[in-house]
Structure formats: C-alpha cells, structure tokens
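Chemist: Annotation comment: TrEMBL describes 71-117 as domain 'NADH-Ubiquinone oxidoreductase (complex I) chain 5 N-terminal'. Residues or ranges marked as domain 'NADH:quinone oxidoreductase/Mrp antiporter transmembrane' in TrEMBL: 134-390. If you look up TrEMBL, you'll see 6-26, 38-59, 79-100, 121-146, 179-197, 218-238, 281-301, 321-343, 377-396, 402-419, 431-457, 469-486 marked as transmembrane segment.
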Amino acid sequence: MSDWLNYLPMLIPTALVAAVLVPDSLTRRHVVFWRQWINVAVASQVAVLLIVFAIRWLIPSFHSTAEVPSSNLVVASPVLLDGLSGLMLLLVAFIGWVTCQYSIEYLDGSPDQGRYYRFSAVTIGAVSWMMMSGHLAVFAAAWIAMNLGLHQLLVLNPEQPGAKRATWTKFAINRVGDAALIAGFGLLFVHFDSPYLQDIFASAVKMSGDSQSVPSTLVAAGAFLLIAAIIQSVQFPFHTWLPETLNSPTPVSALMHAGIVNAGGYLVIRFSPIFELFPTNLHVLAIIGLFTTVMAVVVMMTQTSVKKSLAYSTIAQMGFMMLQCGLGAYIAATVHIVAHSLYKANSFLRSGSVVSDAKAMAGANEWKQPLKWYETAFAITTSCILFAIVSILLNVSPNEKAGGLILGGILCLALSHWIGEAMQSGSQWLVAQCTAISGLICLLYVGCFLATDALIASSLPSPTTPTNNIVVTFTIAAGFLGLLILQLRIRSASDSAWFQTLQVHASNGFYLDHCIRRVFRGSASA
C-alpha cells in the first residue's frame with residue numbers, strides 16, 4: 001500500500017539527474033526558462049518530501065517497512081526511506097533550493113549560467129538519490145554522479161591556475177574514493193548475496209548479536225568504506241585541494257562545503273551496522289578525525305586569509321564529524337551534519353559580509369593577557385556545571401550515550417574558552433551574558449540531540465564498544481586539551497621563536513599540498 005509513497009520522492013531527483021542529457025547549446029539559448037525550471041523542481045522536492053513524511057506520520061498504514069534493522073521481516077527495495085534518509089533529503093533539498101535561488105542574481109548575465117544550472121541539477125539530484133538509495137549499485141552510481149557533477153561546477157572558473165590544479169587533484173583523489181566504495185560494496189554483495197541495504201543491515205545486526213568472529217570479507221569491506229568516507233569528507237591527508245578551490249563561484253562553494261563534503265559522514269552513519277561489526281575500523285576513524293581536527297584548527301589559527309580560514313574551518317568540522325562517527329555517536333554526528341550544513345551555507349552565501357566582519361574583528365583580542373590559572377579553572381567549572389544542569393533537566397545521561405562523556409567534555413572546553421574571553425574583558429556583565437548564552441547553547445544542543453534521536457534512532461544499530469577503548473579516549477582528551485592550551489598561550493607567545501616557527505609551517509598547511517600534488521602530478525597538471 002505504501003510502495004507508491006516510497007517511490008514518489010524519486011521522481012524529481014530523477015528529472016534533475018536527467019538534466020545531464022540536455023546539451024549546453026540549448027541551456028544557453030533558453031537560460032531563463034532553464035533556471036526557472038530548476039528552481040521550481042528543487043523547491044517542489046522540498047514540498048513533496050514534507051507531504052510524504054506528513055502522510056507517513058499521520059497515517060500509520062503508510063509507515064515504511066524499510067527501517068533498519070530490528071525487524072525480522074524486511075521487504076527489500078531500491079528505495080530506503082526512514083528517519084535518517086528523510087532528514088538528510090530535506091536538508092539537501094533545502095540547501096539546494098537556497099543556493100539555486102541565490103544563483104539567480106549572482107550569475108545573472110554570466111555566459112556559464114546555463115551550464116551551472118545544468119550541473120547543479122545533476123549534483124543535487126545525485127545527492128538526493130544517494131540519500132534515499134536502498135541498493136548498492138544505485139548508491140554507488142549516485143555517489144559517483146555527485147562527484148562528477150561537482151567537478152563540472154568547479155571547472156566553471158578556469159582562469160585561476162591554482163584552482164584548476166586543485167580541481168583536477170580532487171578529481172584524481174575522488175576516483176580513488178570511488179574505487180574503494182565499489183570494492184567495499186562488491187565485498188558486501190559477495191558476502192550477503194544481496195544488493196539491498198535492508199537485507200545487508202538486517203543480517204549484519206543479527207551477526208553482531210551472535211558474538212561470532214567477523215569474516216575477513218566484512219573487515220575488508222569496512223576498511224574500503226572507511227577509505228571512501230575519509231576521502232569524501234576531506235580528512236587528512238586528502239584535504240589539501242579544498243582551500244585551493246575558494247575562487248569557485250560562491251553558490252558552488254556553498255553547495256560543496258555545506259553538502260557534498262558531508263557525504264562521507266552519511267556513508268559511515270548509513271552503513272553503521274557494517275562498521276559496528278569490527279570496531280577497530282571505528283577506532284581508526286576516530287583517530288583520523290581527531291588528527292584532522294587538530295591539524296586544521298592549528299592551520300586555521302595561523303591564516304592571514306579569511307577565506308582560507310573558512311576552508312580550514314570546514315576541514316576541522318569534517319574531522320570532528322568523523323570523530324563523532326568513530327565514537328559510535330551517530331546521533332550527534334547527524335546533528336553535526338545538519339548544523340554545519342546550515343551554518344556553512346549561510347557563511348558562504350553571505351561571504352562578503354562574513355569576510356568584512358572577520359576583518360573588522362581581526363586584532364580585537366591582541367591586547368588581552370592570558371587567563372590566570374584560577375580564571376581558567378572557573379571558566380571550565382562553570383561550563384561543566386551548565387552542561388550537567390541541562391543534562392539533569394532533560395533526563396539525559398551522557399555516560400549512557402555513545403561518546404557522551406567525551407563529546408560533552410569537548411563542548412564544555414569550547415564554552416569555557418568563550419567564557420574565558422569574556423572574563424578577559426573585565427566586564428562582569430559580559431561574563432554573565434556569556435554564561436547565560438552558554439547555558440542556552442547546552443540546552444539547544446541536548447534538545448537537538450534528543451529530537452534527532454527520536455527521529456532516526458530506529459534507523460541505526462545500537463553502538464558497541466568504540467568509546468570503551470582507553471587509548472582512543474585518552475588520545476582524544478589529550479588532543480583537545482592540547483588545542484585549549486595552545487589557544488590560551490598563543491596570544492602571549494606571538495613574539496616567541498616557537499610560535500613564529502609554528503606560524504610559518506602551519507600557515508603553509510605543513511606543506512602537505514606539495515606532497516599530494518606530487519602523488520597526483522599527472523591529473524593535477526591536466
């Protein structure tokens with residue numbers, strides 16, 4: 001009875017992907033009609049999704065049988081519409097609609113306007129197909145089409161040699177990720193003898209409950225999917241191309257930073273039943289995410305270019321998202337994807353004012369002296385108390401959630417840094433304001449976590465053991481404490497030799513881009 005409802009959201013993404021068949025000459029001659037059609041189609045996708053999920057919520061008989069994977073009776077389908085895919089589909093459709101609307105004035109009069117809308121449609125449609133795919137082949141095809149569509153958008157601005165080189169470096173790196181994804185999917189198909197995600201996830205959950213040793217094919221499949229995810233989400237050392245593509249059209253940057261790079265996180269969350277079978281893969285992912293975050297934050301702090309700082313902030317956020325996935329905190333990672341996507345879309349679509357604001361604030365904190373130890377202790381204690389109060393009020397126990405204590409501690413460190421900056425001003429009123437806002441941030445974060453948990457928990461397996469690994473826990477704690485100490489010392493060390501040495505190396509990205517270009521020299525010089 002609900003089959004037609006499950007397939008309804010496929011129609012518009014299919015039409016968007018079909019835009020690749022339209023020749024450039026036709027889009028140039030009818031550019032006004034073309035951009036109007038794309039904008040209406042993307043906006044209609046948002047409306048269709050809202051209608052579909054409203055019907056499924058209001059009429060129980062329309063509920064999908066495809067939710068992962070506790071049910072013993074699973075109806076295989078090439079479409080997997082559950083809480084996770086529904087949330088991601090709405091996010092993709094909304095950001096796609098906003099960027100297309102923004103592009104009307106931004107690209108007005110541009111000779112590439114028709115081509116831009118053509119491949120924007122392909123990219124948005126491919127991402128949508130990937131989000132609701134319930135079939136390995138469909139998922140892989142959508143994944144590849146998404147990256148190829150983004151590549152065509154990035155080469156719209158060929159005048160910048162650095163951007164062109166970075167774009168082709170990205171193209172070569174993504175092909176490695178595609179190969180890893182196909183290899184992982186091939187191994188999953190061989191082992192489970194089914195291309196349907198519902199069948200695969202149900203079997204994987206059953207295996208995890210049997211306490212049997214994991215077959216080597218599934219260990220290898222998880223490793224290949226891990227490689228595909230870290231490449232897609234610009235993890236170290238595959239991140240170097242991103243800061244070099246900042247001269248791309250603003251809506252392309254918004255679509256890329258707010259949407260495409262999140263696909264690696266979605267891959268891990270969607271295939272979490274496979275990753276949960278062999279937690280070592282998740283441990284590795286957590287460490288890679290931590291290293292990427294720390295590296296990107298250090299580089300970001302030493303940048304003189306505001307735009308490059310924005311790029312490295314994306315890399316740092318992607319690292320933190322992968323850290324959450326590695327901890328088995330899939331709900332928190334999903335919240336992070338949604339929040340980061342909306343924030344980055346807003347940042348890039350108002351990039352002119354963001355850059356102006358950042359330049360206006362530059363140097364505003366140079367006069368401040370580092371906090372005394374008891375002031376730092378007060379800021380940390382205050383943030384911890386706020387988080388504890390909110391957790392008690394909302395009946396949330398962080399130690400019962402995957403990665404809850406670690407992620408809660410990181411949130412407290414971030415808020416304590418902000419409260420500490422307010423204390424440096426010497427204004428008690430400002431400290432009170434920042435403390436109150438910090439409490440609201442804790443309330444908002446925990447509230448969003450609970451809402452997302454209610455929406456997508458049935459789509460995910462119960463995490464196993466990633467956060468119980470003492471080495472992983474200690475390494476993450478040491479990494480973020482090190483970042484906090486560096487931020488506290490950096491203002492008083494601006495004239496010291498060690499800081500100047502760090503600034504030189506970090507401002508150049510620790511020269512990793514040169515190493516990557518050598519590896520992919522053939523493609524990068526194309």
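Cβ from N, Cα, C; glycine included.
Curation plays no part in TrEMBL annotations; they are all automatic predictions.
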Chemist: Could you tell me the mean pLDDT over the domain 'NADH-Ubiquinone oxidoreductase (complex I) chain 5 N-terminal' (71-117), as a whole number?
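Modeler: Here the predicted model's pLDDT, averaged over the domain 'NADH-Ubiquinone oxidoreductase (complex I) chain 5 N-terminal' (71-117), is 80.
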Chemist: Quick check on the domain 'NADH-Ubiquinone oxidoreductase (complex I) chain 5 N-terminal' (71-117): DSSP residue counts for helix, strand, coil, in that order please.
Modeler: 29 helix, 1 strand, 17 coil
Chemist: Short question: which residues 6 or more past the ends of the transmembrane segment (431-457) have a Cβ under 8 Å from it?
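Modeler: Contacts with the transmembrane segment (431-457): 82-84, 86-87, 331-332, 334-335, 338-339, 382-383, 386-387, 389-391, 393-394, 396, 411, 415, 418-419, 421-423, 425.
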Chemist: Give residue numbers and ranges for long-range contacts of the transmembrane segment (218-238): same chain, 6 or more residues beyond its ends, CB-CB under 8 A.
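Modeler: Residues 143, 147, 173-174, 176-178, 180-181, 183-185, 187-188, 191, 204, 260-265, 267-268, 271, 274-275, 277-278, 281, 284-285, 288-289, 291-292, 295, 314-315, 318-319, 321-322, 512, 515-516.
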Chemist: Out of 377-396, 402-419, 469-486, which stretch has the largest tally of CB pairs under 8 angstroms to the transmembrane segment (281-301)?
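Modeler: Per the Cβ count, the answer is 469-486.
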Chemist: For the transmembrane segment (377-396), which stretch among 321-343, 402-419, 469-486 has the most Cβ pairs under 8 A?
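Modeler: Highest pair count goes to 402-419.
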